[in-house]
Each structure stands twice: as structure tokens, then as C-alpha cells.
Amino acid sequence: MSNEHIDEISGITTTGHEWDGIKELNNPLPRWWVITFYITVAWALAYTIAYPAWPMLSSATRGVLGFSSRNEVKNEMAAADAAKAKYVTAIQSKTVSEIAADDTLREFAVAAGGAAFKVNCVQCHGSGAQGSTGFPNLNDDDWLWGGKAEQIQQTITHGIRFAADADTRQSEMTAFADVLKPEQIAQVSAYVASLSGPVKDKSLIEPGAKVFADNCAACHGENAKGNRDLGAPNLTDAIWLHGSGEAAIAAQVRAPKNGVMPAWVGRLGETTVKELAVYVHSLGGGE
Amino acid sequence: MLDQSQVERLEAEAVNSAKTRQPLYAARKKIFPKRASGRFRQFKWLVMAITLGIYYLTPWLRWDRGAFAPDQAVLIDLANRRFYFFFIEIWPQEFYYVAGLLMMAGVGLFLITSTVGRAWCGYTCPQTVWVDLFLVVERAIEGDRNARMKLDAAPWSARKLFLRVSKHAIWLVIAVATGGAWIFYFADAPKLLGEVVTGTAAPIAYATIAVLTGTTYVFGGLMREQVCTYMCPWPRIQAAMLDENSLTVTYNDWRGEPRSRHAKKASAAGQLVGDCVDCNACVAVCPMGIDIRDGQQLECITCALCIDACDGIMDKLGRERGLISYATLADYNANMAMATCGGTGPVNPALVRTPSGSFADGLAHFHLGKIFRLRTYIYLGVWSAIGLVLVYSLLTRERLELNVLHDRNPQFVTLSDGSIRNGYTVKLLNMIPEPRTVEITLHGLDGGEMSIVGIDQPASRSYSIPVEPDRLKTLKVFVRQPLDQIRKPAQSFEFRIDDTASSETAEYTATFNAPENSR
């Protein structure tokens, strides 16, 4: 066996490898190519010294440049905060209605409030703020405690029926199970249901209206339009927090559920509460 | 005990035996291309002037687009995501125009390569053009081939140092100008030039200049043919696209061989004598440093300077030009077959000539018809088709657009009067650099009305919206339909925008959702 493999045509030695008569010429590499290759090797080694790389027993080498991705995140967060500072300062110094009226600030507040909402509010109000039975839908135009930006801000700041906050929105519907007779409850439920839709037994409406005037009008108003100072809902519209229909109304009359919302200012701070108020106000039902 | 002669000798040799040891790498062999003159050199000067002119001057051309858009004729405005090309403005979503141009460039490359071979490499490739420019400088300072070779071999002296420093200094100036010109495509050129000079430009501008200065200097001045031979994938790809009817720079051995430096003596001795006088002019001018007479090679960029060099010699000798010429492989093979009696003997140049000395009748000559064949027609057809589609789509494209995103969460909201409300994110695209006012209206959806966040107007079916020049405007639109008008859980309706001034219009079909039991 000879080690001299020489290609007849080019006169260049071959590697001796042959595939279907095709031989591989053994041309030397260009010198610059080889040098470049060694430079990349050196670069790679230097890189592993400069940056965290080599795995050790418990962690990895830290690199002489002191780079860490956590610091980078910290710096980027700081840069983002600095970039936001202008808007945050403006939000702190303005009222929520002023913020809602300013295109740039509203856009910023809606984005920030939306993010805060996704973390703190969706558990009860739903990811689209659409609510569910017992938890109000924040997209609609029916507000228990008022739908102006300032009123929403007040609600978020101090909560509803939240014992730990002295300024919380406070009211409580009486349980009428012991006050009214069962037939009176049926009558008043039929009357209330009739205000926004058809009922099965129309004969109950008239006595129900009398029961309502005697027992309910004080809070819900003579025309049952509700009273926002007391958080008493409007009973003539299509929106029912605790369910629509006579049965659901009767259940609420007998043993009312009085929902509780915590005060958020202590946990989120005033700026975020303002942003949340602007966000909720922007959902479509704001007044 | 064995006798020494009885020990069997095995056929074995160390793998790194000095006898077969190859060098791991080879140093670059210096090339000193001699100045060529002739038609192709003239043509190359022209191409060089045009391509360099386009590259350096384009950013400085102005194009008036009014007060709301930059007045630079060609501008890639990355910050605002706009691309301006004279009267054309491209938004990012219209990038398919660029994709179309790239396809045309690809098919155009097939077309050019299948007809005239590696013309891109030989004439228009930036590497070729800049190497040519750098060689002009080198010749101006150090002289032509012989002077340069002499200087290179000479020991260091004050003169050599001066010449070398001047050459590299001018190269660097060209490199900086090249890198500098690039950045002007990305910002307003006059303003950026001022900033670059005063040191107030963005760091990315300086970094770009530095990188491109480095690549221009190293590739154009130091590496030259190494870039083409070792770094560029193009030669490999292009070689695969050539066929027997593609033009390549060819040494016509059928009339050149046997080459002889002493033709008369050889002729008198009764030997066969070809046209090649073995003067090596073709080798001396070659910027790739190859000998075209060795046949078609990977390194050959078909710059045709060897044709010029050889034609000059042929003229002097009073022989026909074209010993080295653009020829197709088919013609070459036919003529070779003629000169070698079908490959049965050595090249006999007498066979391709008549007794009076002119070329024989049966000799294949190039004519234009040869490069127009089915393959090139297909390339030309595809290339033109893409071009026509691009032009058509460019001429008919919309400059006012409407996009609508339906709120998914919640899909609908019941309001206190029982009506149903849906939310939409409506995007108005004013794609011209003029402010305008568009009318947005609802079509369909009986009784439906919209209200727009941030616009303090009572709900209606129509709004007037001012849109900034060359901007996208996002609106949050709430559409509301009374309960008794709702026909089904999902109704189709249209948002429509009209620019009454220009009579442009755009429509978007959206869906209005309502609860299943709403009727």
C-alpha cells in the first residue's frame, strides 16, 4: 500500500478518500484562514474568562467583567422606571378625571392600570373585568357606588364593607326573612322582576308594589332606581349582580349577600390606584 | 532463531512520515496585476464609475415629500420604520416589495449567469469594484507590475516606507469614506455628516463606520482574491448554474496550441505552432493570479482583462483577436473536436484554418442567438412576471387602510337598558405624508351606534377623525345595539372609512356578538 496519493490531473496529493471515483484533494488551508481559526479559539477562551461560563461544584465561574444577567435586568428595570418617571409624576400630581382627559396620560394609565388589574383584580372581577354572579361586571354602565373616575378611585382606595378601613363604603341590606311573610316576599320579588321584564303571575305585582314602598323604597328609592350613596342597586335595569329572575330576587330579599371588596391603597399605593381607576373607567361604562 | 532476512517486512508507514507530510496551511502568494487596456478594461472603468457613483452619491439626492416626511430620495428610516425610495414609501407590512426585489435579484442572477456567466463577479461585485479601486491607488503610488514587484522585493528604505505608508493611508481614507457613506442611507445625510464630524452622532454610526472601514480596507487592500476564492459562496453556486451555452472567458487552445516562444524556429523545424506565443500577458494582468490557459477555474471571476491583454498582443502580431475570448463550452468543444480530429490527436491549429490562413468555415463562432434558449426565456419570463406583479401592486396599493380587532374578553357586555355592547380596537392607517380627516361609519347592524374613547361626542353611526400624516391611529370603539334589534348571536357588519377629500376608502367586515338568549 502506497501513501502517495496523487491526483493525475492536478498533480496535488489527495487524502486517499474516494467516492465513486471522486477523490478529495489535500490542498493546504490558506494561512489567514488558519490564523483566524486560532483567533476564534482564543476569543472563545477569553470569553469564558470574561463572562460567567465554567461550571463549578455549586455554581459557575463569575467572569472577570462581573457581568450578571440579574444585574442587567435590574439595570433595565431602573432604566424603564426612569423612562416612566415623567408620566408617574404627572399622574401623582393630577386628579383621575384630569388623567382620563389627557390622551397621553390616559394611555399610560390604562396600560399600567391594566397590568395591575391582571395581578390584583382578576381573581374576583375576571380577566376581562366581566365579573360573575356576586362580582360586578366593570364593563357595563351600571354602577353601585358611582361610575365617575373619582368615585371608582374612592371605591378602589377604601374598598366596600371592608372593616379594616374607616372610610370604606358602608351599607348593609336587611335580611327580610324574619320581617316579611313568605307571600309578601313572593309579591315583592314579582314586582321587582316586573320592572325590567315579564313575570308569570301578574296578580302579585300590585301587592308587591305596596310591600316595596313600605320596606324597600327607603334605600332603593320610590321608583326602585337605587341609591348610589348607599350602594343600593338600580332594580329597574337589565343588570343583576346576584342573578336575575324572581327566585334570585327572593333569595336576595330573604337573606341578602353583601359583597366585600378590600381597600387597595395600602397595598398598591395611590399612584397604582389612580391608574386602576382610569383603567376601569376606560372599559366602556365610565361616566 | 530466525535469520534477519526471514523477518517479514510489513507494508506500513507512519501517518506523519516526512515523505508525505503536507503543509497544514499555505501563505498567500502575492499577486501584482499589471494594468490592462482594451474594450473590457474600458467597460470596467465605466461600470466602476457608475456603481461607485451610485453608492457614494445616492444618499445626497433630495426628493421633496412635503413638510411631513424626510426629503432624502433614498432613506431607510429604521427608527420610524419607513423606507423611502424616490416617489415610493414603504411601511414595514409592505416588506414583500423588498422580498419581491430579492426574488428578482435571485432569478436575475440565474438569468445573467446562464447567459454571460460570472458577469456579476467580474464587473459589478463590490469586492471586484473596490479591489479595482484599491489597485488604481496602488499603481499610482508604487507603479505598475514590475515596479511593484521590485519594490516588494527591495529591503526597507525611506522611499519604500514612504510609498507603503502613503498607499495604506489612501486606502484607509477610501475605506472610511466607504464605511461613512453607508450610514447616510439610514439618516438625513447632511445632518448626519455634521454630527459625525463634530462627534455628536450616535455610537452605532461610529461603530458602523469602523466595521465597514475595517472590512473595506482588509478585503479590498489586503485579502483581495482570497475573499473570492475562499470566503465567497457565490463562485460555487454560480458554477452550478453555468451550462454548455453560457459564456465564459475561454482560452481557445484549438488555435493557440502548441504554444511556442520561438514560433518561427519551431515552424521551420516542421513542428506544429499555435497562435499563443506564451508571453504570459494574460497571467500578468489577472487580478486572481491564475493562468486562464489552464482552463476554466473556480478562481476565475471572468473580468475579461486577460482578453484585453491577449487581444493587444494579437494586434501587435497581426493575428486575429480572440485567442482568449468569451465563448461557450459547446463552441469550444466543437472547435476542439475540429482541431484534434475528434479528440484522436493533439491540437493541430492548421485544422481550423483554410490553407490561406483564415479560419475554416465549419468553425463555431459565438452569436447572440446562442444565449437565448428555453432556459433563459424561462428565467426572463419569471423575472419579468415578478417585476410586473410588483409594479402592478405598487401602482394599485392602498394608502388608506383599516384594521379592526374585536374584543374577545368579554365578547359582549349587557348594558343597563338591556342593549348589547361590543368593543373593537380600530386602527386607521394614513400612509401618505399628509394629515387628513377620515369619516368612519357603521354599515349594517340595525340600530347600532358607536362611541369612541377619548372623543367627547354623543353616540352616532359616523365620526370624523383627524389622522396625523404618515401615522397609524388606534381608536377604541364601542358599538352598541338595542336588544330588540339583535337578530342573531353573531351579526356581520362593516366599518368603513372615507377620506372625502381624496375619495379613498377602506372597509372592514367585523362581527357583533350577543348572548344566545338575547332574543
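Backbone N, Cα and C define each Cβ position, glycine as well.
Nobody curates TrEMBL annotations by hand; they come from automatic prediction.
According to TrEMBL, the transmembrane segment annotation covers A:32-54. Annotation comment: TrEMBL describes A:108-196, A:203-284 as domain 'Cytochrome c'. Look at TrEMBL and you will find A:C121, A:C124, A:H125, A:M261 tagged as heme c 1 binding site. Per TrEMBL, the feature heme c 2 binding site maps to A:M173, A:C216, A:C219, A:H220.
Beyond the ends of the transmembrane segment (A:32-54), by six or more residues, the same chain brings 60-65, 67-68 to within a C-beta distance below 8 angstroms of the stretch. Over the domain 'Cytochrome c' (A:108-196), the average per-residue pLDDT in this prediction is 94. Within the same chain, the residues at least 6 positions away from A:M173 (heme c 2 binding site) whose Cβ sits under 8 Å from its Cβ are A:C219, A:A232, A:Q252, A:P256, A:N258, listed in sequence order. Reduced to three states, the DSSP call for A:M261 (heme c 1 binding site) is strand.
Between A:C124 (heme c 1 binding site) and A:H220 (heme c 2 binding site), the C-alpha separation comes to 25 Å. Under DSSP, residues within the domain 'Cytochrome c' (A:108-196) fall into helix, strand and coil as 40 helix, 4 strand, 45 coil.
Within 8 Å of the centroid defined by the CB atoms of A:M173, A:C216, A:C219, A:H220, the record's heme c 2 site, lie the Cβ atoms of A:N215, A:A217, A:A218, A:L230, A:A232, excluding the listed residues themselves. DSSP assigns A:H220 (heme c 2 binding site) to a helical segment in the three-state reduction.
Our reading of the heme c 2 binding annotation (A:M173, A:C216, A:C219, A:H220) yields a largest Cα to Cα distance of 10 angstrom. All chains included, 20 other C-beta atoms sit within 10 angstroms of the C-beta of A:H125 (heme c 1 binding site).
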